[in-house]
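First the structure, in the form of structure tokens, and then the observations on it.
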């Protein structure tokens, strides 16, 4: 029990350090990129006024204006009056950018303007991406028992055989994930983002949670959007929890494939059993005989069927 408490304390420390790391990245990105953005915004406004003051617009002036507008728009700076009131590098927006960077979602709607920002992005992602994977893995290990092992054990005790029990559990988990992380968020996004349809919301959720991040739909980018900072933080939490659940779903499928012999048939590596042993029950109940520690660590026979019962009660 003491070890379980320490593991939870370590996980909490990981999550807190992850949040601190995002805040650190947000502060650095904001301090580096916001002055560049402000300078570009000022230059664009001066250029716009010069263009408006011209009594006769020449081809060269028009081409220069359009090139500057397109270059600024690439970095999220718009010439439109109602789209230039908020910065893309305030604290919340910078933290949102840092989150998309370390989770490898990378929408591309906001990119560093300066060489210093680009260099820091490389260093920040070099540390942040593997650390994010570490935190996600640690979180998934902690929720494997309540969301995977315990429900399958309950289905087996209700009378289902091991293989049907894992299939039923995976289908139920899949339905729960689709409803909670695709359908419900899509309904919210289509309500908050006025230009998004429900299908656009589903599309955004899928693209984001698969870490594809095309960037054609990015939440929190509408002009004069209310509670924009709070909204961006909520999207960050959704992305993190959603990626964690997707990882859980993939790992559950891998375990089910082990039990059904699919990984052996396709000559793929088995899912490593790395969950904590304390307070765990076997995924598949194979009888009433208690395994000794020596038997539990005994290697599988070459022809044995891979299963979930490598997790034993501590």
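Keep in mind that glycine also has a Cβ here, set from the backbone N, Cα and C atoms.
The annotation transmembrane segment is assigned in TrEMBL to 6-32, 122-145, 165-189, 201-218, 230-250. Annotation comment: TrEMBL describes 80-143, 178-256 as domain 'Potassium channel'. Taken from TrEMBL, the feature N-linked glycosylation site applies to 82. The annotation region 'Disordered' is assigned in TrEMBL to 275-314. The compositional bias 'Basic and acidic residues' feature in TrEMBL is assigned to 281-298. The feature compositional bias 'Polar residues' is assigned by TrEMBL to 304-314.
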Among 6-32, 165-189, 230-250, stretch most in contact with the transmembrane segment (201-218) (C-beta, under 8 angstroms): 165-189
The domain 'Potassium channel' (80-143): DSSP-derived helix, strand, coil residue counts: 44 helix, 0 strand, 20 coil
DSSP-assigned states of the domain 'Potassium channel' (178-256) in counts, ordered helix, strand, coil: 56 helix, 0 strand, 23 coil
